[in-house]
Amino acid sequence: MSDLARSPQEALIMGMVALGLLALVAGGLLRWLRAGRVWTDLLVPASFLVAYWLTYNKVPSFPPVGAVNKIFFVAVIGTVLGVLVEASGRGGLGRVLALAQPIASAAYIGTSRLPDSLPEVAVAALWGLLTMYGLSGATGTTEDESGTRRATLLGIACAGFAPIALLGASSSSFQLSLLFAAAIAAIVTANISNPDFGFRSASLLGGAGGMIAAAQTVTLITRKTDMLALAVFTLVFVTPFVVDPILRRIRATNKVVRIAAFAGMCLLPVGAALATVIARYGSSFPV
């Protein structure tokens, strides 16, 4: 892709369009085939792995050396565990794994910082835990609406984290965030009215877990994250717990309207985080 582009920005845009179209076609095909939730649950983690490959132009060898390579295997292992959980029908185990994974990934990625930076690793683990808890709490009136909400929240969060990653001196995580956000936007578009769409254990452990690992890499390895912007951004994961009373007040019954309202509320803290970045850095913001 970079060989066809005349600038890094153009390469990024081309990658977002290509991955978005690929995700749109895959989502539409699964919907046309009336594939069940087990299959549609793989759309998000598969998109993350493709976004990783487009960003780093490689599939890392095993065992991985370096935090960036570990991200890939956090996502792969999470996806496999998610599929096994869904196949066994043990949803409770999936929820436990989803909350445990960010703690494990923080320790795994921050191994080189231990024991000297134990407080930083602990904070990264706690942040990941709260993030995953917020994603798990994005439930709607039906399972397919819950899945669409979670995917929407994750996509908006990826886009919102991108400038924070760039400020954290990680242009690759910036690209990964935007590529993944584009793919999720396409998946939501293809499945917003699909009753068989699922965002379950594989999506949480493989897709969201992979992205959380990428964010933990930025905070633990580059150690240049703007903590104020990150704190404001993290408020996006509070949205699932306050949206339903508002939707009841405005009497939104149509699913598309409810998802649009949910997305609008998610954009508020993301916009506030972006405003924080602009106010603090202005023209010195790296582009």
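Using the three backbone atoms N, Cα and C, a Cβ is placed for every residue, glycine included.
The transmembrane segment annotation in TrEMBL covers 12-33 (among others). Long-range contacts of the transmembrane segment (12-33) within its own chain (CB-CB distance under 8 A, at least 6 residues past either end) are made by residues 1, 4-5, 39-40, 43, 46-47, 50-51, 54, 175, 178-179, 182-187, 189-191, 194, 196-197.
Marked as transmembrane segment by TrEMBL: 38-55 (among others). Same-chain residues lying 6 or more positions outside the transmembrane segment (38-55) and placing a CB less than 8 Å from one of its CB atoms are 1, 15, 18-19, 22-23, 26-27, 30-31, 71-72, 75-76, 78-79, 82-83, 86-87, 147, 151, 154, 172, 175-176, 179-180, 183-184, 187, 191, 194, 196-203, 205-208, 210-211.
Under the heading transmembrane segment, TrEMBL lists 67-85 (among others).
Remote same-chain partners of the transmembrane segment (92-109), defined as residues 6 or more beyond its termini with a Cβ less than 8 Å from a stretch Cβ, comprise 67, 70-71, 74, 78, 81-82, 85-86, 121-122, 124-125, 127-129, 131-133, 135-136, 200-201, 204-205, 208-209, 212-213, 216-217, 220-221. Summarising the annotation, TrEMBL assigns transmembrane segment to 92-109 (among others).
Same-chain neighbours of the transmembrane segment (121-139): 95, 98-99, 101-103, 105-107, 109-110, 113-114, 146, 149-150, 152-154, 157, 204, 208-209, 212, 215-216, 219-220, 230, 234, 236-241, 262, counting only residues six or more beyond its ends whose CB sits under 8 Å from a CB of the stretch. Annotated transmembrane segment per TrEMBL: 121-139 (among others), in sequence order.
The transmembrane segment feature in TrEMBL is assigned to 151-168 (among others). When Cβ-Cβ distances below 8 Å are used as the criterion, the transmembrane segment (151-168) is approached by residues 44, 131, 134-135, 138, 174, 176-178, 180-181, 184-185, 187-188, 191, 199, 203, 207-208, 211, 214-215, 218-219, 222, 224-226, 229-230, 233, 236-237, 239-240, 259, 262-263, 266-267, 269-270, 273-274, 277, 281, 285-286 of the same chain, each at least six residues removed from its ends.
TrEMBL lists 174-192 (among others) with the feature transmembrane segment.
Sequence annotations record features per position, and here TrEMBL assigns transmembrane segment to 204-221 (among others).
Among the features that TrEMBL reports, transmembrane segment is placed at 227-247 (among others).
Residues or ranges marked as transmembrane segment by TrEMBL: 259-281 (among others). If one looks beyond the transmembrane segment (259-281) by at least 6 residues along the same chain, the residues whose Cβ comes under 8 Å of a Cβ in the stretch are 138, 145, 148-149, 152-153, 156-157, 159-160, 163-164, 167, 188, 192, 226, 228-230, 232-236, 238-239, 242-243, 246-247, 250, 252.
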Worksheet item: the transmembrane segment (204-221): which same-chain residues, six or more beyond its ends, come within Cβ distance under 8 Å?
Response: 44-45, 47-49, 52, 67-68, 70-72, 74-76, 78-82, 85, 94, 97-98, 101-102, 105-106, 109-110, 113, 117, 120-121, 124-125, 127-128, 131-132, 135-136, 150, 154, 157-158, 161, 164-165, 168, 170, 173, 176-177, 180, 230
Response to the item:
If one takes Cβ-Cβ under 8 Å and requires six or more residues beyond its ends, the residues near the transmembrane segment (174-192) are 12, 15-17, 19-24, 27-28, 31, 40, 43-44, 47-48, 50-52, 54-55, 144, 147-148, 151-152, 154-156, 158-159, 161-163, 165-166, 207, 211, 214, 255-256, 259
